[in-house]
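Presented below is the structure to which this report refers.
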Amino acid sequence: MINISFPDGSVKQFEKNITAFEIAVVISTSLAKAAMIAEINGDLKDLSTQIDNDCRLRILTAKDPECLEVIRHDAAHLTAEAVKELFPETQVTIGPAIENGYYYDFARDKPFTTDDLAVIEAKMHELAKKNEKVTRELWDREKAVEFFKSIGEHYKAEIIASIPSNEPISLYRQGNFIDLCRGPHAPSTGFVKHFKLMKVAGAYWRGDSRNEVLQRIYGTAWATKEQLESYLFMLEEAEKRDHRKLGKELDLFHFQEEAQGMVFWHDKGWSVYNTIEQYIRRKIRKNGYIEVKTPVLVDKSLWELSGHWEKFRDDMFALETDDKTLALKPMNCPCHVQIFKQGIKSYRDLPLRMSEFGLCHRNEASGALHGLMRVRSLVQDDAHIFCAEEQITDETVSFCKLLTEVYKDFGFTDIKVKFSDRPEVRAGSSETWDKAENALKEAVEKAGYSYTLNPGEGAFYGPKLEFVLTDAIGRQWQCGTLQMDFVLPERLDASYVAASGEKKRPVMLHRAILGSLERFIGILIEEYAGRFPLWLAPVQVAIATITSDLNDYALEVQKALIESGVRVDINISPDKINYKIREFSNQKVPMIAVIGKQEKENKQVTIRRLGTTEQEVLSIEQLIEYIREENSK
């Protein structure tokens, strides 16, 4: 007999070699009917898994979050089965679950069309309704290779050759379809009910541009109909808010082939950019930061010393000149250490908070570029805090408070924190890591945040915090970071004189609130759906005249607003007032100042706010004062 421990703390005895499904039947028929997979000693397994030792067991259903990835993996197999039935000449390759869905790569001469996707999806529903049994089989390696070659599945045969010899070759069979897979999978295709095929894209075999291009079908799958509908609605909203589309419509920026991954900022977009930079500059000055500027092009010898050349060489732009190799900096940290090293530093100089809006370049693959979200040329609100070990907690608390304040000003209040602790391969002693991790945990808690743990995901040189924002349609964006570094000060020989007179290495805290300004602006465009708040809007007030005889007064109003630092647009053309208002509304200007005969006589304007029908009559002084207060962030 074996002892099975259940989540409620109970322990029951069963005969050896009983399956997880058979145990589910003993517990209740309803559980057995809903059961998808088993968690045995923390590992996810098929329900058909035989248990011959004492263990901890959870029977999981679609209600359990662990099953969502299984549902998506099952949907990938269902997609492949449908494709093979409809297009038998197609070769299947790989089909993993990914965030919010899955994909499956196919080798086929003729491209899949949108109509093909609809047919494939219909076939998937048909196969799911058949509720085909899914079974796991272990095969001899040579037999598996020969089998896949015999049915023309040469990619599968190649995959088997790359599987370590000590790993079993497991296949899953459903209906007439058989696929190479580690699993686990649900016991039948009927568990995959709520899915949709999304698009087709090209993908290199094994992600290598030297290999052939495959066709990748993307799909999404969820545990419930409501979850699927919610996700599709979110995608619909995201499409409406796409910063690339709005960037063009609102005349903010553009990209072109001659400078891939580099932004052409138009005047309105550059206004938003500069407003954000000036806002951050005011915040960090109030918080005791100095601002510096370091070279964009630096000799590779510094990058070799810092370790970046070894780790990031492929992502750096380099050029040869005067028998030297120079590289465009991908980050600012080594240059900041050079400034720290100028002159003798004392413990009295610490903490030293050094910031820079540093222009960085990263050689991102062209296929990874995505509007403002992924670029090759970027500016970060980057800063490095050089401090003593005993100052880590206070500096982290201070940073968390600043970050919270900044995010709130931009309208983000749902902030999640991820804490990444020591990886297996790391620099520094266990004692140093203990101190660092405890200091960060204490600081996060003092700042009023809870956190989720990412075990082993810290960098080799120190633990880190990641700050994740949730936007208006529920998407999450990782923006802020705080990274502790014991290694770079050592590598670049940075030191300070302690109170005892001995030389010590400072701890270096790499920190950013927005991250890349380009990416953060992309996030803001989508968060606001292009409707920037008044203080951030590229045009804060648009002036529109009802008749041409009011133009002189309109120009007076424009002059007064500009002299007060207000960003203004004006339309004094003969066009009808409704047309002018509609045009400014389409440009998402937050305030439209309408000028008629009465407004001119009273030295006033009638304000219409974007998205409302309400109107408010203000004097020019009142309007300027209101905007001044909004701009004071």
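Cβ from N, Cα, C; glycine included.
As the structure is a computational prediction, the values presented were derived from the model and not from experiment.
Residues C333, H510 are given by Swiss-Prot as Zn(2+) binders; from H266, H370, H384, that same site also lists H384. With DSSP classes pooled into helix, strand and coil, the tally for the domain 'TGS' (1-61) is 14 helix, 28 strand, 19 coil. Under a cutoff of 8 A between CB atoms, and with a sequence separation of 6+ in the same chain, the neighbours of H384 (Zn(2+) binding site) are N332, C333, H336, V337, R353, M354, M508, L509, H510, R511. Cβ neighbours within 10 Å of C333 (Zn(2+) binding site), excluding its own Cβ and spanning all shown chains: 22. When secondary structure is read from DSSP and collapsed to three states, H384 (Zn(2+) binding site) falls in the strand class. A Cβ within 8 Å of the Cβ centre of C333, H384, H510, the residues given for Zn(2+), is found for these other residues of the same chain: M331, N332, H336, D382, A383, Q483, D485, L488, M508, L509, R511.
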